[in-house]
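Feature list (source: TrEMBL):
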TRANSMEM  6-22  transmembrane segment
TRANSMEM  34-53  transmembrane segment
DOMAIN    34-168  domain 'EamA'
TRANSMEM  65-82  transmembrane segment
TRANSMEM  102-124  transmembrane segment
TRANSMEM  130-147  transmembrane segment
TRANSMEM  154-172  transmembrane segment
TRANSMEM  178-193  transmembrane segment
TRANSMEM  205-225  transmembrane segment
TRANSMEM  240-258  transmembrane segment
TRANSMEM  270-287  transmembrane segment
TRANSMEM  293-313  transmembrane segment
């Protein structure tokens, strides 16, 4: 596993290179540094949050997701209150265009949460981590297609290697990595929307969750009538952790939303290797299957990440 840690270091070091050594960032780049801090913190939390949800695996996945949404909304309401930003919320609610965009992003993030939780609780942590390894490469593509960012030869090679990995998985294993690809596409699209929408991190996420509140409450009522709820019926520890799910959900999303607006999509792509690296190690710790074909697929994905990271390192060194 030492090789895996070397890979992780080679991926992460280029991200912080502009802030170390003799080439310090100028004062004008303070916002960029702040974006790095926010985004790195978000991905560290997303990496270890797998351990949190494993501790409440006895709660049905969709009930857990519902509690994530509700308690996140409560926490955000508190944050907005103390920061006195309710006028921003009210103004946003009057904008049909903004509300339409946030309605779409709310569906995306709730769907992403649902699949991720289901994967964790059903023994697919490693497969989920594959999705978040692929995600940065999708961000590179989005940067090219939507923001006209230039695609270097190294980036083209990296994307090509990822494509080969998916084909190998399909041909040799006879299975399509639908969990990985669905997580990658949904979150990359969400990241694009959060980068372009003109609203603050807390306010935007609050409205997203507010839009989904009625469907979530409707689901909880249905589940209560037909199956019974875990909240308030198992033990105090479960109740506390379900409430805490709001914090472990809202805080990294707030950090991500605040950070993504301050950095390029290409930089975001590099940072996103942090979370899947941690998730991958956790999946191995829990003894999830990891076949020879999986090793080949992950090897190609890691190679793609490494090619892109080395390219970024050389680019920074030349500045």
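Just so it is clear, glycine is given a Cβ too, placed from its N, Cα and C backbone atoms.
Just so you know, TrEMBL annotations are computer predictions that nobody has curated.
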For the transmembrane segment (178-193), distant same-chain residues with Cβ under 8 A (at least six beyond the ends): 101, 104-105, 108-109, 111-112, 115-116, 119, 124, 127-128, 130-132, 134-135, 138-139, 142, 146, 166, 256, 260, 265, 268
Segment-segment contact (the transmembrane segment (240-258); the transmembrane segment (65-82)) at 3 or more Cβ pairs under 8 Å: yes
Same-chain residues at least 6 beyond the ends of the transmembrane segment (65-82) whose Cβ lies under 8 Å from its Cβ atoms: 59, 89, 110, 113-114, 117, 202-203, 205-206, 209-210, 212-213, 216-217, 219-220, 223, 231, 242-247, 249-250, 253-254
Distant-in-sequence neighbours of the transmembrane segment (154-172), which means Cβ under 8 A and at least six residues beyond its ends: 134, 137, 140-141, 181, 293, 296-298, 300-301, 303-305, 307-308, 310-311
Region pair the transmembrane segment (102-124) / the transmembrane segment (205-225), three or more CB pairs under 8 Å: yes
Residue distribution over DSSP helix, strand and coil in the domain 'EamA' (34-168): 116 helix, 0 strand, 19 coil
Annotated stretches the transmembrane segment (270-287) and the transmembrane segment (205-225) touching (3 or more Cβ pairs under 8 Å): no
For the transmembrane segment (34-53), distant same-chain residues with Cβ under 8 A (at least six beyond the ends): 15-16, 19, 64, 117, 120-121, 125, 132, 241, 244-245, 248, 251-253, 255-256, 258-263, 267-268, 271-272, 274-279, 282-283
